[in-house]
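What TrEMBL annotates here:
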{"type": "ACT_SITE", "residues": "LYS210", "note": "active site, N6-AMP-lysine intermediate"}
{"type": "BINDING", "residues": "GLU208, ARG215, ARG230, GLU259, PHE299, ARG377, LYS383", "note": "ATP binding site"}
{"type": "DOMAIN", "residues": "287-417", "note": "domain 'ATP-dependent DNA ligase family profile'"}
Amino acid sequence: MLLADLARVSAEVAATTARNRKIALLAGLFRAAEPPDVPVVIPYLAGRLPQGRIGVGWSVLREPVPPAERATLTVREVDAALTGLARVAGAGAQGERRRRVRELLAAATEQEQRFLFGLLTGEVRQGALDALAVEGLAAATQVPAADVRRAVMLAGSLPDVARALLAEGPPAPAGFRLTVGRPVGPMLAHSAASVAEAIDRLGPCAVEQKLDGIRVQVHRDGDDVRIYTRTLDEVTARLPEVGAVARSLPAARFILDGEVIALDDDGRPVPFQRVAGRFGSRVDVTAAQAALPLLPVFFDLLALDDRDLLELPGAERHARLARLAPADVRVRRQVVADPEDDGARAAAEEFWLRTLRDGHEGVVVKALNAPYSAGRRGASWLKVKPVHTLDLVVLAAEWGHGRRTGKLSNLHLGARGPDGGFVMLGKTFKGLTDATLAWQTERLLELAVARRGAVVTVRPELVVEVAHDGLQTSTRYPAGVTLRFARVLRYREDKTAAEADTVETVLAQGRRP
Ligand SMILES: Nc1ncnc2c1ncn2[C@@H]1O[C@H](COP(=O)(O)OP(=O)(O)OP(=O)(O)O)[C@@H](O)[C@H]1O
């Protein structure tokens, strides 16, 4: 398939608002694609590179390259060129990358160049595209969309299913079954503001500890145990203790879902960063294990013996889990059988407070009657975390890219320091609505004192209320910490910079669960 065809359909899909028309356009594109094209076509449509980030900066893309007159590039050629580019390393890598990008752009027509810019900068992500692509594939191959969706969930990969569908047609989805030894996409959660809200939304439910570690899916088939991460990478060799726990359980074939954490001598969870550090050490696993042993805590059972349990209600999966895994490797939970029962609701609140006191990051509330939505953010799992908010001062802002071109976007945030100055804690462009972007661009330009590259430094006067998920140590920022997942809630025009939070307050907030 030519890149030009993909770029044209991508632009047409973005330009129409009618869902059916988008699906028809995608179906037409898939009918024209060859099976090996789709692992490239699908991520490209969504604005993603199959290679992930490949380190091509704006400075390279800003330099004009005369476009080709005729479209000749195929999507597979582009993919091969970018794979090669991602591998360039060592001295002179930057120059070599620049040369290769320019070579690729020179072979592209103007429309293709525009498409490639979006792709390389990651600025045209189309979040809803994968769902539309499933519908488009279903229409192109005359397979019910529900069958395609289930196959994707079991394969953990839309491109794999798409390739099989285009190659084999309607029988393809049946080839994707839950199989011990083949990982499936884990179910993810939506958020709720409080436990009470989560209970109201879900009805009969269980409130579980939310463990801040590393998600694992553990497959056992006799003596063969394999462990996969949330992104379906196999990490068996790095987690020998998890393998040992799996082998000790009283069933020979199963798939368990859980989180790997570490506990200190008092039984409190150690910070996520230490768990991640241990998990990241691949060289001397035995020494790493001795320094920080890890513990799996399971919260779901997806298959047992020869049975696929995905469609069973959560309560039934959990009952089987409780028979398989002893309490020390099983998540703690509080069941709310009747959401109208005040006693049960109070017990759920009590459980939430105890969970935070025990040092966990929050709870996940799960509907008792819901199946396991593999590979999806299911509406029947709701996470609840305490919200930390801070009033911080905007120290600078960076010009945005893509959709945010011409707007000051990424904010540099500071807290009041001990000497009357401000201490930078991090940056965020999250949570900003179009209206806020427009407003802040105007206000910040009035306050601008210096411009360097894309960064506009401003007089520290505007106060912004920011929510975050806690602190994380960082060598990049002067206080030695930065905010996890900071997002803007609103501007506090009623506050002056002198009333913003101090570094001391910020650090104290980090110590509290
Ligand atoms: N009891 C639990 N049930 C389900 N997930 C849990 C549980 N305890 C911890 N987790 C973790 O929480 C995550 C669920 O939240 P979500 O799906 O939103 O992930 P996320 O986007 O990484 O968000 P977060 O940063 O809140 O973990 C899971 O991926 C899992 O790793």
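In case you wondered, yes, glycine gets a Cβ from its N, Cα and C as well.
Where the annotation comes from TrEMBL, it is an automatic prediction and has not been curated.
GLU259 (ATP binding site) is surrounded by 21 other CB atoms, counting those within 10 A of its CB over all protein chains shown.
Confidence over the domain 'ATP-dependent DNA ligase family profile' (287-417), given as mean pLDDT on the 0 to 100 scale, stands at 95. Distance noted between the C-alpha atoms of PHE299 (ATP binding site) and the residue listed as 'active site, N6-AMP-lysine intermediate' is 10 Å.
Within 10 Å (C-alpha to C-alpha) of LYS210 (active site, N6-AMP-lysine intermediate) lie the following binding-site residues from ARG230, GLU259, ARG377, LYS383: GLU259, LYS383. In this structure, PHE299 (ATP binding site) is part of a beta strand by DSSP. Sequence-distant contacts (6 or more apart, same chain, Cβ under 8 Å) of GLU208 (ATP binding site) comprise PHE299, VAL331, ARG332, ARG333, VAL363, VAL364, VAL365, LYS366. Using a 10 Å Cβ-Cβ cutoff, ARG215 (ATP binding site) registers 16 neighbours. Take the recorded positions LYS210, ARG230, ARG377, LYS383: by the count of other Cβ atoms within 10 Å of each Cβ, the lowest one is ARG377. For the domain 'ATP-dependent DNA ligase family profile' (287-417), the number of residues in each DSSP class (helix H, G, I; strand E, B; coil) is 38 helix, 54 strand, 39 coil. Across the residues annotated as binding ATP (GLU208, ARG215, ARG230, GLU259, PHE299, ARG377, LYS383), the two Cα atoms farthest apart lie 19 Å from each other.
The Cβ neighbour count for PHE299 (ATP binding site), using a 10 Å radius over every protein chain in view, is 26.
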